[in-house]
Amino acid sequence: MLLSIGMLMLSATQVYTILTVQLFAFLNLLPVEADILAYNFENASQTFEDLPARFGYRLPAEGLKGFLINSKPENACEPIVPPPLKDNSSGTFIVLIRRLDCNFDIKVLNAQRAGYKAAIVHNVDSDDLISMGSNDIDILKKIDIPSVFIGESSANSLKDEFTYEKGGHVILVPELSLPLEYYLIPFLIIVGICLILIVIFMITKFVQDRHRNRRNRLRKDQLKKLPVHKFKKGDEYDVCAICLEEYEDGDKLRILPCSHAYHCKCVDPWLTKTKKTCPVCKQKVVPSQGDSDSDTDSSQEENQVSEHTPLLPPSASARTQSFGSLSESHSHHMTESSDYEDDDNEETDSSDADNEITDHSVVVQLQPNGEPDYNIANTV
């Protein structure tokens, strides 16, 4: 299950990365510039690049179609000539205004007051596009028509071929802009899901690591079951392998099942906080019966050969004997062996003696006088 969660987290991370990259790429590909589609009297079309203003109304989604009229005066810093009266009610007119001499908001406001539905402001001696803005709040509240900015070369082409006088018309195509919630909400949902999955993965891994560490450590009740020996001169142990200090009379030594002894103050923290193995031979400290099932995994891991595996592990007899029991068991074994030999000798002697004993069989024959006649037949 943990492996599947890890694979899930890996997939979620990859999906999160891919979607993030694609989202930013999509946002970068979103056009920030609108277009002007111009048609002449022969219905030949040409596209010009423009930049919408930061004030006024937005262009309608289907675009704004109208006839292009040159502003008079060209800078539109004062009231300009309105569109033709005869076509004012039936058609939409867009005015072309030159930059400079006054603020952009003044130019667009004069175009609106003259009756135009949109305004196109062009640059002078440059084809750079400028984002038109305004700092006058009072004027901004009065502007209702959309406006765009174009370069000088685009303005010259529009004047030459696509004006109302030459039978042309233009269409102001709005920029492709999506509402913020269209891409922000899905992005936040994806980020939230990824964060939740990451938190679940981290919690699962924390619980798993904690369980593994607890399983590989010795509990205090298990530690109390290990024998403690007070050191006396003449004991076979002389130096603690952890602190490298010589044992002194009265020192409390913790005897492990592998017969290695250490200071209690040195080995107890190792067993309860690090790992329940002997620091020298890496043999596992035998747990209680209740922990045999829970320690199966850890015992399998420790049985694997690694760089910490001792070259000469203690024998099976050493694992089950405590400190000071080796000599006693050896002497007891020798005594039992001698007893067994004496018994074997006695049995052998008795068997030989039995073989030498002659078996006697008694044959009884009846005599004519009725008295039995006993003949002894010796058989070997």
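Even glycines carry a Cβ here, placed using N, Cα and C.
Keep in mind the model is a prediction, meaning the values are calculated, not measured.
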Listed as N-linked glycosylation site by Swiss-Prot, one of Asn43, Asn88: Asn88
Per Swiss-Prot, the range holding zinc finger, considering 154-196, 240-282: 240-282
Model confidence over the topological domain 'Cytoplasmic' (204-380) (mean pLDDT, whole number): 62
DSSP-assigned states of the domain 'PA' (64-160) in counts, ordered helix, strand, coil: 30 helix, 22 strand, 45 coil
